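The annotation transmembrane segment is assigned in TrEMBL to B:20-39, B:235-254, B:261-282, B:288-310, B:331-357, B:363-389, B:419-436, B:622-638, B:645-667, B:673-693, B:719-739, B:745-772. What TrEMBL lists as domain 'SSD' is B:268-386.
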């Protein structure tokens, strides 16, 4: 076979010999403004956090990271604060009004109207109208203030606990000392960040309900809101991530919530995120996503084509390997049973109900990070080249 | 000597005495000067220098020159594509050929060997992320043995390397060798000889390796220049062709070999002098000013014809050789000088255009015309005074004089009211056509690829092949992001540059934007396990520095004070370039980051944008100057506004119609076509001056307008017709030039010379008729 793919990080940047030509998204923006004209006053202190996203005729060609489907629309987010929405049953993508130009990494909806998007520079945005307009709920500078206050309080709390725990079990005491060290370190980091500015991206958002939202991010960032994002609290102490590895993805099913991350991190909560346990990881490489399918099987996947499935809520796993050792970024249920996976180098894989695996490469060869299925069975893909499409027949032809 | 002749000699003017009383002296002097200048002329080599073709004082170009050295590695590159028409590139035979060509190219002088890239060079590697980090290696497997296994490994490595679309075609049927050039040879310090380099590519690569199944395609600036110079060499053949055709015409006109060769010889001497002088003043000949020898030759011939025309008339009248020559000189030197001076002044107006090649052309043409004064008004009568018109020529001239030529009779009709008004109606139709079509006239180059060469030239076909099979646009507009030293990848600057990139990507006509910002974002992605969610800039400067660690040379300059932002365009049409320039201006007006300047412009499209903007304004400026000068000149000569109108209106008609023609033929207003109008008008006004001078003379003698016109036609009309034809033929050979802009110049000049001639012969009498009637009504 001669189907080796450009692997995860094809970082040979050969500008000199010309760069990849852009691939046009199949869907065009409905109202493409002629030129990107913005405010008239000159901006002298540009900060990507506070600059509203530019009206972009080519918004569907921006790098996009995630796409969410609600009962009414599809919403994709990505670079330059681009959020594009499309009403179900229509072809036109419309660019949303977004108050920030940061690189958005994730989007999730609690219902058809209420949703959240997160991204770099510690930004959390909320929409109440199905993705047309967005409001800021947190930015990186506020997040740093939050961290300073949180770790300060936590250090005080832990110090008090230690002071009041003279007759404590030595193991428990050691744990407390450990937690204090960790909190002190994070407090110091937050102090440094006050100078440096926000540098840690959020990587995933999960809207458990209209009130309850989880946000995960780089270097172990883990936030929680119980008031629809009005206020946020830092809950990274709930998981055992002393190395501060990236928390790449979070997903829920019933009372179970799963979280995966860098270097094989795998956490499970069976009480909707109140308490967390670390599971034995089947892999020491990074996981980029987690998915629970129609048959309540748990799928986790990541680096180099590694896919694992568990039928017992993550207590044990079996491995499924793709022919192409590329990063697997996301998975969704296929309408007639089975699953779709997408990954780097344009890989789209279909795993049928009966366990047959079909792999295809999108013509663009672009990194694919997420997908949704349209009413006609075709796939809308997002990634390095914005919005792309693939007919369902490309993969499900065997059925 | 007859009494008549001695009387005639007594009326001799000063200039005539200076020339004819010292004939041997002048002959020797001219011979020596011709030898001297001929030796210099033989040293003239065609050259094509980029800096001369662009408006060096335009701010874009000034910015470009500021960073020229830093940008060199981006621009001066040759791409060699090796294509197999038989299967894919993954065969032992193809790889062997590719390897050999890569090695061959390595040793061609001028190649920047460290930057040379093909899948056979060790600097092209594949890499991937594993649980342990990066792994990678050269694309050609270490244990390459051309076996099936090796080829399979190669294929895998190529896919992993990310070079598909760059060094390997999207369809795997060809591979590319990327050849950066050293502008200056680092060993010898000599400037790169583009022509020699281009020849080496042909000889050592194309000729040697192209077979039935292996095709070679070569593109790059050096190749364009090489092809331009090679094409320009062919123009030498056109010159020979023009000489032969002219000789035939001269003989047909005079039926006298002696005078035909004399006129030809004197005109060639004028060309030799002109070339010798431009060499002496340190100027050269470029593909644009190459037109000048043709013009000088044709102008020389046309004035020479006037002299021998007059001489044979004098011979018919019974004067001896010397006297015929003297009388011819006496009769024509004022008209000739006036005409030539108006030519020269017309050409000089080109100096208002701030582009070196056009100015060189203006200087060369002015020198040429000045030389024609000496050779064809001075030397020619002297030679003819020895040689004289042959008996056959004299007899022919006598015969022609006594019969009405059918063509002349036809032209004479245009002073009759019916014909005159019909002609004016036709002219009005032509004018409307020109005005309507002229609306569609475009600025700049309109064809894809290298606009200097023909769309179906080998270069442009090669270029099209690369555009079709590789992921690259050849229309590149570069904005230079200038910062304080070592600040080119500072977070704040990169963030603004990133927004700028997105702003430009959303500008119509832009395909893609790449710069160090893209490298930084790709670095974030690559260094975070190939997770696209990290494709962003990080506020932490250390992280940014790490992410930009693999920046290819050329995307930041050595002291990190400038990073080019490369904007790939759909095409280089003037509107596209205008939109892009406006978008950059718009961004600069909106975002003012301290310590960061986004400067336009480099890249072929950036330079073209600057050229277009200069040409657009120069176009009107030049027309104003040319017509201003012509009107003043005609007014001084004739002291009558009505005469000015009679002479200038036909010229204006030609100008407007040629604009219509440009629109219809898809010829844009550009460096090459801008001078054409000045040349056309400058030379065109001669005809009007000659004809109107005679009409006026007739009117003063109390002739009826019809008679005046017949008188004018008999005396100068024939020569005007001949002049128009010789000039048109001289430049028409250019239509066959392999260089597109020379062909465009040829088409337009041929049109203008012929149309100006017809305009003078038809519209001047028609307008005179109209004004005469109009004048009567007033009285």
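Backbone N, Cα and C atoms are what each Cβ position is placed from, and that goes for glycine too.
In this chain, the transmembrane segment (B:363-389) lies apart from the transmembrane segment (B:719-739): fewer than three C-beta pairs between them fall below 8 angstroms, excluding pairs fewer than 6 positions apart. Here the domain 'SSD' (B:268-386) has, by DSSP, the following mix of helix, strand and coil residues: 102 helix, 1 strand, 16 coil.
The transmembrane segment (B:719-739) and the transmembrane segment (B:331-357) are not in contact, since fewer than 3 Cβ pairs between them lie under 8 Å (pairs 6 or more apart in sequence). Long-range contacts of the transmembrane segment (B:622-638) within its own chain (CB-CB distance under 8 A, at least 6 residues past either end) are made by residues 338, 341-342, 345-346, 349-350, 352-353, 644, 647-648, 651-652, 655, 674, 677-678, 681-682, 685, 688-689, 692-693, 696. The list of residues near the transmembrane segment (B:20-39) in space but at least 6 beyond its ends in sequence, with Cβ under 8 angstroms from a Cβ of it, reads 12, 269, 272-273, 275-277, 280, 322, 325-326, 329, 375, 378-379, 381-383, 385-386. If you look at the transmembrane segment (B:288-310), the same-chain residues 6 or more away from its ends with a CB under 8 A from one of its CBs are 46, 53, 232, 235, 238-239, 242-243, 246, 250, 253-254, 256, 259, 262-264, 266-268, 270-271, 274-275, 278, 325, 327-329, 331-332, 335-336, 339-340, 343, 357-358, 360-361, 364-365, 368-369, 371-372, 375-377, 380-381, 384, 389, 393, 671-672, 675, 679, 683, 716, 718-719, 722-723, 726-727, 729-731, 733-734, 741-742, 745, 749. Using a Cβ-Cβ cut-off under 8 Å and counting only residues 6 or more beyond its ends in the same chain, the transmembrane segment (B:645-667) has close neighbours at 427, 430-431, 433-442, 446-447, 623, 627, 630-631, 634, 673, 676-677, 680-681, 684-685, 688-689, 692, 744, 747-748, 751-752, 755-756, 759-760, 763-764, 767-768, 771. Within the same chain, residues 288, 291, 295, 299, 335, 338-339, 342-347, 349-350, 353, 358, 361-362, 365, 615, 618-619, 622-623, 626-627, 630, 633-634, 637-638, 643, 646-648, 650-651, 654-655, 658, 662, 667, 712-713, 716-717, 719-720, 723-724, 727, 741, 744-745, 748-749, 752-753, 756-757, 759-761, 764 sit at least 6 positions outside the transmembrane segment (B:673-693) and bring their C-beta atoms closer than 8 Å to a C-beta of that stretch.
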